[in-house]
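Going by Swiss-Prot, these are the annotated features:
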- 9-29: transmembrane segment (TRANSMEM)
- 44-64: transmembrane segment (TRANSMEM)
- 71-91: transmembrane segment (TRANSMEM)
- 111-131: transmembrane segment (TRANSMEM)
- 143-163: transmembrane segment (TRANSMEM)
- 217-237: transmembrane segment (TRANSMEM)
- 244-264: transmembrane segment (TRANSMEM)
- 278-298: transmembrane segment (TRANSMEM)
């Protein structure tokens, strides 16, 4: 009873903080960025991280098993993973690009998990026999950490593509205007050229930063995903007598692994870095959501215990 009440309190606190942080983000987005407000939102995410940590520990103690047995618990852990990735650049103060992705990801995931949509599966139940194994922590935690890192890295690649597309589009339109004006304003040609060069330099620097951090975060996520798949195969052999059963979840996890293996391969080729490898990562972003969330909507296969309740099928 005590643990249930504590869990209920932590859930409401985290949801309230998330709501406040979302409001702050909207204000700083619509109005010129206010440093104090932005810093408050960053601290709010850190407080949310500790609330989620307390929620996971409380649920673990009350249920007697690590809280990764259903969709609700995995969403909470996914939000915790986003928050963990977010905290590292926050304290380093020099990786603001990454925090721009991890912050909103943690907020939205936690907001969805603690909203009323998944009320029916908030209560922790008894583990099905297949999940009563020490491999639960190793396999599922590695998979969720992998999803979190890969999603963050993929979003950085999406941002890279958007900026590159806008850059090419604006350069084409502005070059025409610049050439036309040059005939009438010959004395301003040098000043205009200097302005465009400076602007393009900073944009190129941003694209390089996005590409660099996308590669690093995806490499980390790929490592987690690989460990998760291998540990899952060992667990499957112990539980079902086979390392691989081509279950829908297993199949899509394998597809996810292949897509990001292709990304890492293209990223090592200098001619394919930047937009080309970012396209592969962007495709991977969609594949991850199909693997993690889409398969759960079907509620079929050996991993159906993690699906939505019957009212959503």
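Using N, Cα and C of the backbone, Cβ positions are placed for all residues, glycine too.
Against the transmembrane segment (244-264), the recorded stretches 44-64, 71-91, 217-237, 278-298 differ in Cβ pairs under 8 Å, and the greatest number is found for 278-298.
Counting C-beta pairs under 8 angstroms (sequence separation of 6 or more), the transmembrane segment (143-163) reaches the transmembrane segment (278-298) with 3 or more such pairs.
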